[in-house]
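Engineer: Here TrEMBL flags 17-390 as domain 'Ammonium transporter AmtB-like'. The feature transmembrane segment is assigned by TrEMBL to 12-34, 54-74, 81-101, 113-132, 139-157, 169-188, 208-227, 239-260, 272-290, 296-314, 326-348, 360-390.
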């Protein structure tokens, strides 16, 4: 007979978090310095406003996005904040290694924190695939290993293929989706094809989840444009306009596809909340090649159709055929739109290129960029999956999956 209560994490979670945070404090004390060379007050206000937009997306947007599960609201939002805080601190160290090697110190400014938060976002994307089936110890280890893999992927792209930092970071959707799918495939639990007992949806949790989608929808233009060079304000504004148009089109299209694919002809809130973001994901990956409003709108339309259709049909087939239990449908929300954006970037760049030789060379490098990203993602996901399968981390039993009571003090139950 299975044990009635979930295993206690007192001897694992507490010491692990204290060890990590103490180590981070010591490293920051000896190797970090704050950059105080602010150009002017107006520039600081603009930069801080952009930082707050991204911060709201990471903490509130991703935090509320997975609260659609009836008995998993505390874990979805609370573990999201925990993982984001640890992953951002870890990413700041990893992205500053080059400065530490050259100068002996790692500079800390708003831009470096923004880059670190965007690296942490890749871990939050992958966390959606195993949400409800992994305990916080496993999620912390996931964050450390995935951020390490994502930073490694960036360094490989910049070192081997001379990819610009912005393009490398925007591949976080593809990296996070394939990392999470590999992870949930390795951590597959027998019997999950029949569904978990407590993996249920309800009206009130769905409303909070939609609130997270609204936060992401509102601030996604900043997320896509924040790292565009300030010396080219026209490009930054173009990224904002393109992202907004793609998001607007994807919201309308997602509603249409949701109604058409429903046997009763009704809207599906869980399906829509993910698919309305598809346009922002796709145009973010293809942003440097989008120069016309209709291009952004077409990408948003195609991304929403692909995402909504994938959510309706692909999620269940992935579980039955490949034993991939994707809790938050990250393949439909981030993976497929990210691949569509990569393909749109390739097509638009070739269309605008007047020299066939240049177009062929770009196509080769663009394909290599995707192959390197997927290879690193799958490799790191496999290593992380086999590490998290160890019973030493005390994962919850099937009957305690998707249950806040396994990790939180919950009154009234």
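Count begins at 1; order follows the chain as displayed.
Glycine is treated like the rest: Cβ placed from N, Cα and C.
Just so you know, TrEMBL annotations are computer predictions that nobody has curated.
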Engineer: Ranking 81-101, 113-132, 139-157, 272-290 by Cβ pairs under 8 Å to the transmembrane segment (169-188), which is first?
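Structural biologist: It is 113-132, which has the most Cβ pairs under 8 Å.
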Engineer: Which residues of the same chain, at least 6 past either end of the transmembrane segment (139-157), have a Cβ under 8 Å from a Cβ in it?
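Structural biologist: Contacts with the transmembrane segment (139-157): 13, 16-17, 20, 79, 82-83, 86-87, 90-91, 94-95, 119-120, 122-123, 126-127, 130, 163, 165, 167-169, 171-172, 175-176, 179, 183, 369, 372-373, 376-377, 379-381, 383-384, 387-388, 393.
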Engineer: Do the transmembrane segment (208-227) and the transmembrane segment (326-348) come together with 3 or more C-beta pairs under 8 Å, pairs six or more apart in sequence?
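Structural biologist: Contact absent: fewer than 3 Cβ pairs fall under 8 Å.
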Engineer: Please report, as numbers and ranges, the same-chain residues at least 6 past the borders of the transmembrane segment (296-314) whose CB is under 8 Å from any CB of it.
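Structural biologist: Contacts of the transmembrane segment (296-314) (Cβ under 8 Å, skipping residues fewer than 6 from its ends): 241-243, 245-254, 257-258, 261, 271-272, 274-276, 278-279, 281-283, 286, 290, 329, 331-333, 336-337, 340-341, 344.
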Engineer: For the transmembrane segment (81-101), which partner among 12-34, 113-132, 272-290, 360-390 gives the most CB pairs under 8 Å?
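Structural biologist: The listed stretch sharing the most Cβ pairs with the transmembrane segment (81-101) is 113-132.
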Engineer: Relative to the transmembrane segment (326-348), which of 239-260, 272-290, 360-390 accounts for the most Cβ pairs at distances under 8 Å?
Structural biologist: 272-290
